[in-house]
Every structure is written in structure tokens, then in C-alpha cells.
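Visitor: Sharing a structure below in C-alpha cells format, with a few things to ask.
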Amino acid sequence: MTFDLFGDLAPVAQADERLGEQAWVLRGFALPHVAAMLPALDDIVAQAAFRHMVTPGGFTMSVALSNCGDLGWISDRRGYRYGRHDPETGRDWPPMPDVFLQLAHDAADRAGFPDFVPDACLINRYLPGTRMSLHQDRNEQDFAWPIVSVSLGIPAIFQFGGHARSDKAQRVPLQHGDVVVWGGVDRLRFHGVLPLKPASHPVLGEKRINITFRKAG
Ligand SMILES: O=C(O)CCC(=O)C(=O)O
């Protein structure tokens, strides 16, 4: 155990790194769940294939995405929003696997957000060179719930900024199995991912999968 640097002297586990008052990196937190997560992920993308969505401004996102859960995040020329159906098939998004729900709940709890039950799970697939520019997550109805973001596969540099796009962003290296949780006073902080360097992961190959849980509805 160690003591945090933000003054309240609450004991935290050694593998937890504080990014903000209510924002944490939980190093390796997802590792015990990965063996169960990967087949569940394959099932999801067999039903709702990865695709490159278009932004309202007309740009094609470099990251490919899919969703599971009651609500899926969608972007097209009409805007960003959540929807109950996959726009490519017209079907419901695949259900959220129990192993995903449990991991999201437990990570949120560890970061100080008890009772988190996500209804939306966005799955991002990054290949070397792809990135996600700085943005805020604002499409959810209630900002009281945190964001739980799981990294699998090749490493990435996560940017964690402030409440203005121009605020200097921390650069946080993320590895396979790391989980970032942010909420409360940090819920609307800008964040993004720098272009991925070429690399290969022994299980996932030359890609990074990010699984991000939200309570959107
Ligand atoms: O890939 C990541 O680590 C972050 C993903 C993200 O920012 C998002 O889905 O809003």
C-alpha cells in the first residue's frame, strides 16, 4: 500500500496511479479477465463487425469500432449519439457479456464509483498509425457515472487533458490489461490517444483494442 499525493491520505493499492482527483489508472486490472474477454469479443464482432464511422464534419475515423450493450455509440453526418440498433444491420447491438459487466463494475468500484452498471460498451480497434483526437465524452445523459476504459493489445499513449481543449494533456502510457477510470470532477476532461507506434502483441497481434464502458441512457 502507499498514500496518495492529493492530500486525503486514503490508502490505495500500489498498482493504482492517480491522474486527477477522481481519475485513476488501474495497472493490469483487466489481466485476470482477458482469457474470458477475448472469445466474448470475437462473438460480438461476428455479429456487429468493426467499421469506420464518419464524423459530422465528414471525416472518416481512423479507428474502427463496434458496440455491445443496450446502447451503442454512433457517429454519422447527423451527429454523435447513442442508438439501440446497429445502423449497418438494423439489429440490436449484441448483449454485453457478463465478464465485461463484472470488470467494469469492479474497476469503477476500485476507483471510488460504487454500483456502476454500464448500458453502453464501445469497442475501438486501433492499428499502428491510428489515433483518437482530444475530445470530451458528452453524449451520455448523466455525467454522475464514470467512464471505464480497458486497454488490450499493443501499447498506446493516452492523453488526459483538462476541461479546455487547449489545456496541457498528461501523456499516460497504457499497456495490455490496464484500466483507466475517470468520473466526478474529472468526468468531462478532454482525452485522446496519440498515433500508435508499430508493435505486435503475442495474443492480439498488431492492434490495440480499447473497450470503454459508459452509462449512457
Ligand atoms: O482508446 C482509448 O484509450 C480511449 C478511447 C476514447 O477516448 C473514447 O472511446 O472516447
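The backbone N, Cα and C atoms fix where each Cβ goes, and this holds for glycine too.
Pulled these from TrEMBL:
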type    : residues               : note
BINDING : His135, Asp137, His191 : Fe cation binding site
DOMAIN  : 117-217                : domain 'Fe2OG dioxygenase'
Visitor: Could you tell me how many residues in the domain 'Fe2OG dioxygenase' (117-217) are helical, how many are strand and how many are coil under DSSP?
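Guide: With helix first, then strand, then coil, the domain 'Fe2OG dioxygenase' (117-217) has 3 helix, 44 strand, 54 coil.
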Visitor: Which chain neighbours of the Fe cation site, leaving out His135, Asp137, His191, have a Cβ atom within 8 Å of the mean position of the site's Cβ atoms?
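Guide: Counting only non-site residues, the set is Leu134, Gln136, Ile147, Arg189, Phe190, Gly192.
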Visitor: Using Cβ-Cβ distances, find the residues under 8 Å from His135 (Fe cation binding site) that belong to the same chain and are at least 6 apart in sequence, listing them in sequence order.
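Guide: The answer is Phe190, His191, Gly192.
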Visitor: Near Asp137 (Fe cation binding site), which residues of its chain come within a Cβ-Cβ distance under 8 Å, counting only those 6 or more away in sequence?
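Guide: Correct list: Ile147, Arg187, Leu188, His191, Arg214.
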Visitor: Please give me the CB contact count at 10 A for His191 (Fe cation binding site), counting all chains in the structure.
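Guide: Looking across every protein chain shown, the total is 25.
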